Amino acid sequence: MAKLTESMTNVLEGDSMDQDVESPVAIHQPKLPKQARDDLPRHISRDRTKRKIQRYVRKDGKCNVHHGNVRETYRYLTDIFTTLVDLKWRFNLLIFVMVYTVTWLFFGMIWWLIAYIRGDMDHIEDPSWTPCVTNLNGFVSAFLFSIETETTIGYGYRVITDKCPEGIILLLIQSVLGSIVNAFMVGCMFVKISQPKKRAETLVFSTHAVISMRDGKLCLMFRVGDLRNSHIVEASIRAKLIKSKQTSEGEFIPLNQTDINVGYYTGDDRLFLVSPLIISHEINQQSPFWEISKAQLPKEELEIVVILEGMVEATGMTCQARSSYITSEILWGYRFTPVLTLEDGFYEVDYNSFHETYETSTPSLSAKELAELASRAELPLSWSVSSKLNQHAELETEEEEKNLEEQTERNGDVANLENESKV
């Protein structure tokens, strides 16, 4: 029994030693960005569903970015006006009501303290006593007098007297501060109401972007339109490609931004947006889509952000509308359905067909592959023409040499005949 107990003890000690030896050491590694962690190799089953692409800009134009761990919050207070304008309406209205209520209560308290310190509360029924504010018999009446003073609605039952210098000074201070509060809060509300963000609601983008041939070149296209009769002045369009990349040194750059040329050098990016327009991007060697084919497009994790800017004709304020397209919203081999028709004396736009597309014959190769095929098709033709020209030149030189030899032979025969005749 003692031996059995000793053997069991040895086994347990050996297991504990093995566990101590085999216990892994926790090594803390730097945390990579989410997209970098997603791109790391992992064992994934074949029936795994495709990972959904996270938008950088939503279809309605709002940026899908949240700022966290912002420690220097005092910076928001240094620009308090913009902070109030950017707040939601419910918070803005709450602050609007609270600011006026607090100022009325604050100055009402001061008016009540002046009356209390002067002893006006003790001589309410004394007709020979001249109070600072007549008929001020408590805090409620002082609060009402503060409202009448700051809103300048006019004095009635309660009036300040000329026997109270401290009341006159407080009246001046409240009048000035009340004007400042009115200017600040009313200005804030006016700016928030007149913001051109709502104007962007009537600037529409097509739900899909398309890739098809235009004038013999592969192009990426999307459509924009304005629903209002008052137009956008100095309208301009630009587009950016949002795609993560890894440099040759191994640096991972999340959400790298690349400009997409939509006519910057030709002036086509400046729009006269009276009717819907199709914005075209030619896929050439400078395009980020140069090597992307139809089969490769669904595998790409990219996002195209389009930005339309201009001035509102009615107010002159700058307006910006945004939208985006991910790979699932880019249709290869499609075109947009025409929406503009000529009626009796005017053009009519059918916005029911604004987002509609139809299929068209488009090669599934990338623009780079199409250019290589075109160059290969031109090489044999140029080679055959040059070879024929070279052969023709060689034949001409050979004929000239033969003619020269025949002429020399004839000249030699004539000379021999002349010598024989002389002899």
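Just so it is clear, glycine is given a Cβ too, placed from its N, Cα and C backbone atoms.
Bear in mind that the values here come from a model prediction, so they are computed numbers and not experimental data.
In the predicted model, the topological domain 'Cytoplasmic' (1-89) shows an average pLDDT of 62. The feature topological domain 'Cytoplasmic' is assigned by Swiss-Prot to 1-89 (among others).
The phosphoserine annotation in Swiss-Prot covers S16 (among others) and is backed by similarity to another entry.
If you look up Swiss-Prot, you'll see S23 (among others) marked as phosphoserine.
The annotation transmembrane segment is assigned in Swiss-Prot to 90-114 (among others) on the grounds of similarity to another entry.
Swiss-Prot lists 115-138 (among others) with the feature topological domain 'Extracellular', giving similarity to another entry as the kind of evidence. If you look at the topological domain 'Extracellular' (115-138), the same-chain residues 6 or more away from its ends with a CB under 8 A from one of its CBs are 145, 157-161, 163-164, 166-167.
Swiss-Prot lists 139-150 (among others) with the feature intramembrane segment.
Annotation source Swiss-Prot lists intramembrane segment at 151-157 (among others).
Sequence-distant contacts of the motif 'Selectivity filter' (152-157) (same chain, six or more residues past either end, CB-CB distance under 8 Å): 135, 175, 178. Taken from Swiss-Prot, the feature motif 'Selectivity filter' covers 152-157.
Annotated topological domain 'Extracellular' per Swiss-Prot: 158-166 (among others), in sequence order. For the topological domain 'Extracellular' (158-166), same-chain residues at least 6 beyond its ends with a Cβ under 8 Å from one of its own Cβ atoms are 114, 118, 130-136, 141, 144-145, 148.
For 167-188 (among others), the entry in Swiss-Prot reads transmembrane segment.
Annotated topological domain 'Cytoplasmic' per Swiss-Prot: 189-423 (among others), in sequence order, evidence recorded as similarity to another entry.
Feature annotation from Swiss-Prot assigns region 'Disordered' to 390-423.
Per Swiss-Prot, motif 'PDZ-binding' is recorded for 420-423.
Tertiary neighbourhood of the intramembrane segment (139-150): same-chain residues 103-105, 107-109, 111-112, 115, 133, 156, 158, 171, 174-175, 178, 181, selected by CB-CB distance under 8 Å and a gap of 6+ residues from either end. DSSP states for the topological domain 'Extracellular' (115-138), grouped as helix (H, G, I), strand (E, B) and coil, give 8 helix, 1 strand, 15 coil.
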